[in-house]
Amino acid sequence: GLNDFQKQKIKFTFDFFLDMNHDGSIQDNDFEDMMTRYKEVNKGSLSDADYKSMQASLEDEWRDLKGRADINKDDVVSWEEYLAMWEKTIATCKSVADLPAWCQNRIPFLFKGMDVSGDGIVDLEEFQNYCKNFQLQCADVPAVYNVITDGGKVTFDLNRYKELYYRLLTSPAADAGNTLMGQKP
């Protein structure tokens with residue numbers, strides 16, 4: 001099973017990335033709220049085509065998540081169902097490619113939420129805005145960004161984000177994946 005630290009990180013993903021209305025469950029309206037929040041953060045920089053593509057992706061994501069986690073088939077994914085899904089998933093997950101499809105599809109969407117300039121790289125200012133816009137409790141943003149970039153040796157691009165997201169979800173101990181929660185390891 002998962003240790004308490006892993007459960008805490010999984011709870012963060014549930015609360016922060018999915019349960020947008022904070023009612024303790026994931027439902028269709030949470031995905032609608034995600035689109036609204038995403039548009040607010042990106043200040044209208046989404047084209048209509050991007051918006052439609054993202055909306056279709058979120059609809060697919062919700063179907064896949066429900067199919068994997070909604071044990072009682074009530075069109076609601078509770079925290080307990082979400083945790084049970086992750087306990088099964090993490091037991092066999094060895095890389096990003098082993099993550100559920102809905103989770104893999106979410107990664108570029110989340111990355112775009114940080115990379116508001118659209119240049120494929122999240123710089124310090126964009127990361128600071130991400131922490132502020134999403135109300136992450138980050139005491140020292142530059143220090144956290146330094147961990148993300150390994151002291152400037154690694155570019156904070158989509159591949160780095162994938163690696164950090166995978167580590168956030170699967171690592172049994174504090175490591176660089178915590179930076180996506182605005183925390184140093």
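Yeah, the Cβs are placed from backbone N, Cα and C, and that goes for glycine too.
Non-local neighbourhood of Asn21 (Ca(2+) 1 binding site): Asn29, Asp30, Asp33, each in the same chain, at least six residues away, with C-beta under 8 Å from its C-beta. Taken from Swiss-Prot, the feature Ca(2+) 1 binding site applies to Asp19, Asn21, Asp23, Ser25, Asp30.
Marked as Ca(2+) 2 binding site by Swiss-Prot: Asp70, Asn72, Asp74, Glu81. Reduced to three states, the DSSP call for Asp70 (Ca(2+) 2 binding site) is coil.
According to its DSSP assignment, Asp115 (Ca(2+) 3 binding site) is coil. The Cβ of Asp115 (Ca(2+) 3 binding site) has Ile121, Val122, Glu126 as same-chain neighbours under 8 Å, each 6 or more residues away in sequence. Taken from Swiss-Prot, the feature Ca(2+) 3 binding site covers Asp115, Ser117, Asp119, Glu126.
Marked as domain 'EF-hand 1' by Swiss-Prot on the basis of sequence analysis: 5-41. Secondary structure of the domain 'EF-hand 1' (5-41), assigned with DSSP and counted as helix (H, G, I), strand (E, B) and coil, comes to 28 helix, 2 strand, 7 coil.
Taken from Swiss-Prot, the feature domain 'EF-hand 2' covers 57-92, and the record attributes it to sequence analysis. Panel annotation: around the domain 'EF-hand 2' (57-92), residues 1-2, 6-7, 10-11, 14, 18, 24-28, 31, 34-35, 98-102, 105-106, 109, 169-170 of the same chain, lying at least six beyond its termini, place a Cβ under 8 Å from a Cβ of the stretch.
When DSSP labels each residue, the domain 'EF-hand 3' (102-137) comes out as 23 helix, 1 strand, 12 coil, counted as helix, strand and coil in that order. Under the heading domain 'EF-hand 3', Swiss-Prot lists 102-137.
Here the domain 'EF-hand 4' (138-173) has Cβ contacts under 8 Å with residues 2-3, 5-6, 9-10, 13, 86, 90, 93, 95-96, 99, 103, 107-108, 110-111, 114, 120-124, 127-128, 131, 179-185 of the same chain, all six or more residues outside its ends. Taken from Swiss-Prot, the feature domain 'EF-hand 4' applies to 138-173, supported by sequence analysis.
The CA atom of Asn72 (Ca(2+) 2 binding site) is located 18 Å away from the CA atom of Asp19 (Ca(2+) 1 binding site). Ranked by CA distance from Asp119 (Ca(2+) 3 binding site), the binding-site residues Asp19, Asp70, Asp74 have Asp19 at the top as the closest. Note on proximity: among Asp19, Asp23, Ser25, the binding-site residues of the record, the Cα nearest Ser117 (Ca(2+) 3 binding site) is that of Asp19. Confidence over the domain 'EF-hand 3' (102-137), given as mean pLDDT on the 0 to 100 scale, stands at 88. Non-local neighbourhood of Asp19 (Ca(2+) 1 binding site): Ser25, Ile26, Asp30, each in the same chain, at least six residues away, with C-beta under 8 Å from its C-beta.
Across the range of the domain 'EF-hand 2' (57-92), the DSSP-based residue counts are 27 helix, 2 strand, 7 coil.
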